[in-house]
There are 2 protein chains.
Amino acid sequence: MNGHGEEELVFEIGVVVPKRAAIKGDEHYDAVDLLVDEFKKTGLVVEIVPGLAEEFIKLAAPLETLKKAAAKLQLKKPTHIGLDLPFEWDQSEAFVRQNDGSLFSWCERHRCYQCLLRGIENKSKSAMVLKFDGKEFFWEPWESLLQRLESEGIVKLVFPLHDEIKRKQLLRSWALKWWGFTKQPIDDVYLYFGTKIAMYFAFLEMYTRWLFFPAALSILLQLVDFGSLQFLVLPLFFVIVISWAVFFFQFWKRKNFALLTRWKISYTIGTGPGFKILGMEWAPQKHPIELSNKLESVNIKEKRVYQRDEWYGRIMRFRNDAIIILSIICLQLPLELAYAHLYEIIVSGVMKFGLTAIYVLVIQFFTKIGGKISVNLIKDEKIENTEYRADSLIYKVFGLYFMQTYIGVFYHALLHRNIKTLRQVLIQRLIVSEVFDNVLENSLPYLKYSYKKHKAVRNKKKCEKGPWKGKIQFASRVEKEYLKPGYSASIGDELEDGLFDDFLELALQFGLIMMFACAFPLAFAFTAVNNVMEIRTDALKLLAMLKRPVPRAAATIGAWLNIFQFLIVLSICTNCALLVCFYDAEGNWKIEPGLAAILVIEHVLLLIKFGFSRLVPEEPAWVRANRLKNVTHAQDVYSKQLLRSISENGKKIE
Amino acid sequence: MNGHGEEELVFEIGVVVPKRAAIKGDEHYDAVDLLVDEFKKTGLVVEIVPGLAEEFIKLAAPLETLKKAAAKLQLKKPTHIGLDLPFEWDQSEAFVRQNDGSLFSWCERHRCYQCLLRGIENKSKSAMVLKFDGKEFFWEPWESLLQRLESEGIVKLVFPLHDEIKRKQLLRSWALKWWGFTKQPIDDVYLYFGTKIAMYFAFLEMYTRWLFFPAALSILLQLVDFGSLQFLVLPLFFVIVISWAVFFFQFWKRKNFALLTRWKISYTIGTGPGFKILGMEWAPQKHPIELSNKLESVNIKEKRVYQRDEWYGRIMRFRNDAIIILSIICLQLPLELAYAHLYEIIVSGVMKFGLTAIYVLVIQFFTKIGGKISVNLIKDEKIENTEYRADSLIYKVFGLYFMQTYIGVFYHALLHRNIKTLRQVLIQRLIVSEVFDNVLENSLPYLKYSYKKHKAVRNKKKCEKGPWKGKIQFASRVEKEYLKPGYSASIGDELEDGLFDDFLELALQFGLIMMFACAFPLAFAFTAVNNVMEIRTDALKLLAMLKRPVPRAAATIGAWLNIFQFLIVLSICTNCALLVCFYDAEGNWKIEPGLAAILVIEHVLLLIKFGFSRLVPEEPAWVRANRLKNVTHAQDVYSKQLLRSISENGKKIE
């Protein structure tokens, strides 16, 4: 994994255009030719690979080109003095290098590529006439060429390419290293896939390692008979498991910080809604108002605007959450309950199967609709940062999945008070979901890929029937990658990528084992084994089955951390209820309604106490804006001087 | 409140030395004369005021002298670009000025004075012989003159002086403005007393304002009869009051940030133990290991040392907390319960009085011992920052006071289940404590002052009997101030000042009204009225009754915020218990022991869930050190360049 771009060039971006007719008159200036020329002009190295039905333009950027793009983007990078400063072309000495010695991380390189590709504009004053396949269209002044071609349907896709050498290395050292148990080359994963995905695998690794402890304990409980103390075993297990979970997440947060430091990612500790750690803010800091030029604090009028903005956003978010929660309770809950109830009542196996089929269809539809509604609702929330928006969506969509997964189980647990059925249901769900998911996760992309490949070959054959009937060449790597499915979420959303599914799987699994820990301790052992496999299958999926994902810069696991924390609190309550069911087999533990009401009030108030601080941030928006404004201003004005002196200093030390 | 030190000089520090015998031979170099000369040499303006038995050296520092001291101290100050940089003598344009136009805040000036006073050292290579009142002693090379004189008993006290003009202004606009209700000139208070005291008054103001709402509600409850819905009133009041408290503290945190921004105090949002906001770190950032010169990240060995250090400190703290908690439970709890029980049993009024007298004596003794033990324990905890140490002490000592104040009330509430007696006890405690405290707070200092004055005059008379028997002159302001008591905590501690008592009063009062909200709603009205008075009496105490306190730089109310939050959680539980008592007058709400055990487990686990994050910080010490090291290094290396450019830029804009 050595220095990128300095010794050897790696093609990292692919652009897909339709295959042009064999030979054309040179009379027209071909749009694709122009695109290739422009790519070359911006300093990119271009390689054109013909495919079956498409042509692939592979792009690589030499370091100098990347530097220019980074300087144009004013990419904030950590410097040797701990401040993040905008990149300057000639002061690269001042910036911290990646652990493999390269100047830019994959996230940063991807941003630079985007900037280079989108930055090709018509610099002349008049519109240019472009032709492609006989079609003519205009390229307006200052319009991005790539955008124009995309809207004309000529550029079909721009996607990151796998780096074959590193991919094979990772396959050997990571995805296929089955005997490695939970051990992973996380640093290499970070260099290859970027922060967010590496964070997922680091979390999965630590989670699995920590899982071994309750797993061992649960096996012990299963094997040993504690005699007269047996009645103490379950409550004790419950207490240990909850403490374990609380410890785990606190130590995960520490691990997260340690990883960020190791990967040389600078972070600020903020008080955002539900966040402790904010990642680098990629998007340029936008203020509702133009930055005033005076170096003064935010004045009263600005303060008002900020406050209005803050509260408006907050109220909108509250409204949206209320809509989602209400619709889940009013629409989804009855559906789920009806299904659970009907499933219990119906005796015939065929009927059960039919019912489940209908249910699955309805719920698929419901989830899709829910996702769409959530995406639309979020647009009102005025969140600028993409990662925040993604998190806001996760909370909303998780509600849907939560109901789907657990309502049936709750139904068994609390209404039937039938522990044996509950255990059966849990085993069923765990095994089915885990085996099913793992198999599906890898086979589905492969099937998709095979189908696409088959279709492409058939099309080719159809087109060229006659001339040569031999085996069709299908060797170009880039075409294979193009045919592989992308790393996208099953809710098919624009805001999240495939990590949503992976985290969702983990969260639902975590909820299942934690919330019903007392009913079925052995679930921990199942899960530990499953997660060891999950690490490798997920790695394999990313490396072999899918297109290389677009890197994301988020520095934490974001909303999922809060969801896990919420599941812990919930599991405290559900396990208590389970314990009551267990020890009250005769049903003579009556609780007066008055007392019950008081207990409910208590729990609601505790929820308010600990939940409210997430609703209203501690640092008012105008204060935060003021702070950031000053810092931004400082960096704008003094960054050049600072950079020069840092890099000089760096040279001296060397 | 205009620019300090630029137009007029104000004497801000007083040094007390004994009065010298009338005339002395000039043969010896008098130590006090030397001190005065040295003060003059460092650039301070000196005025000597003779008193009855002492001589007072009043000191004022012109701006240039302060600047020199600040540069020597490398005082970190906020600059116009949002970074805190060490002060440079010739770049004062670059730094943010206070709202009254002065360059240094009172906290900063006080630090400069300390630096100037303590910085007078024997620069010659040999020890100097000093004489005072016939006594001879040596001033060793590089020894601080003030320290030498203090240890010889010649310098009796160094204390901050009131600024007569501003004090009178504040008396008019703040302490004596009774019709102002909760309105206070907080900004002026900040300029005069520094951050910590201003924060206390800002908190008191906001708390009192917010109190009006539950106070009005409680009066409404008292006056209106809700008929058949009466049974809903108390639970509703309970829910409203808890939500009110949760809201209040969240909004207080916001207010805190807003105040810091208004006062131009820079802050970092950290993850210290139990803190959200860290103030300026006054103490220079000390690392366990010397800063390595290389601009690299913390290496593995350093990381280990940090981790060991972090965990050692944490374990020591845990041990200390355990010791304190155990001793409170094992020693204090039985004592308190015994007192409460005996008080109930005894019928005779005289016996009761005697018992209470003994109890008060014992508990005074107990608290003193507890305070001493806590201070000693804290020394092991290796906390460098003074404010953190103060906070660690507050937690420990609050435990003692908590037991003292509430155990008796709990005894009534939960064991006797006698609501009427409980109400009586509450009224008694509230009125007695509030009236008593307010009266005592102002009269005690005045009595102390009068006694000291009387003694001084008598001594004087005794000494000079014969010569002139007329009225003794007692006009010098500085002598009066010297005789006034200092602003110190009643536990008589080195770590905290009088704010401990003031906050303790607020916290105990808050606990009393919140924890027994259901038993006695009217307490809120009592407290609101009391707090309106409290604002003025506290102000009066600070301005008229006491010496000017030494300013402290803490940017938040620190440990008290966590104590208030803890009291809210506790009051959720106690109020639930109270409600059960109320609605179960016949005592037929039986709860099975099994169920009770499960409920206890649940509460303990919820406590673990929400308490554990305070025990283990999210950001590991080595990561934090790494971050700070980089920043510190940056500021050391580049601050001069930066400052020059900032101040040039500032001039251009002007």
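Using the three backbone atoms N, Cα and C, a Cβ is placed for every residue, glycine included.
Between the listed ranges B:195-216, B:393-414, TrEMBL ties the annotation transmembrane segment to B:393-414. Between the transmembrane segment (B:230-252) and the transmembrane segment (B:553-583), the number of CB pairs under 8 angstroms, six or more residues apart, is three or more, so the stretches are in contact. Sequence-distant contacts of the transmembrane segment (B:393-414) (same chain, at least 6 residues past either end, Cβ-Cβ under 8 Å): 320-321, 324-325, 328, 332-333, 336-337, 339-341, 343-344, 363, 366-367, 370-371, 374-375, 377-378, 421-422, 425-426, 429, 491, 493, 495-496, 500, 503-504, 507-508, 511-512, 515-516, 519, 558-560, 562-563, 574, 577-578, 581. For the transmembrane segment (B:506-532), the list of distant contacts is 181-182, 203-204, 207-208, 211-212, 214-219, 221-222, 234-235, 237-238, 241-242, 245, 398, 401-402, 405-406, 409, 413, 419, 422-423, 426-427, 429-431, 433-434, 438, 560, 563-564, 567-568, 570-571, 574-575, 578-579, 582: same-chain residues at least six beyond its ends, Cβ to Cβ under 8 Å. Long-range contacts of the transmembrane segment (B:595-612) within the same chain, counting only residues at least 6 positions beyond its ends with a Cβ under 8 Å from a Cβ of the stretch, are 569, 573.
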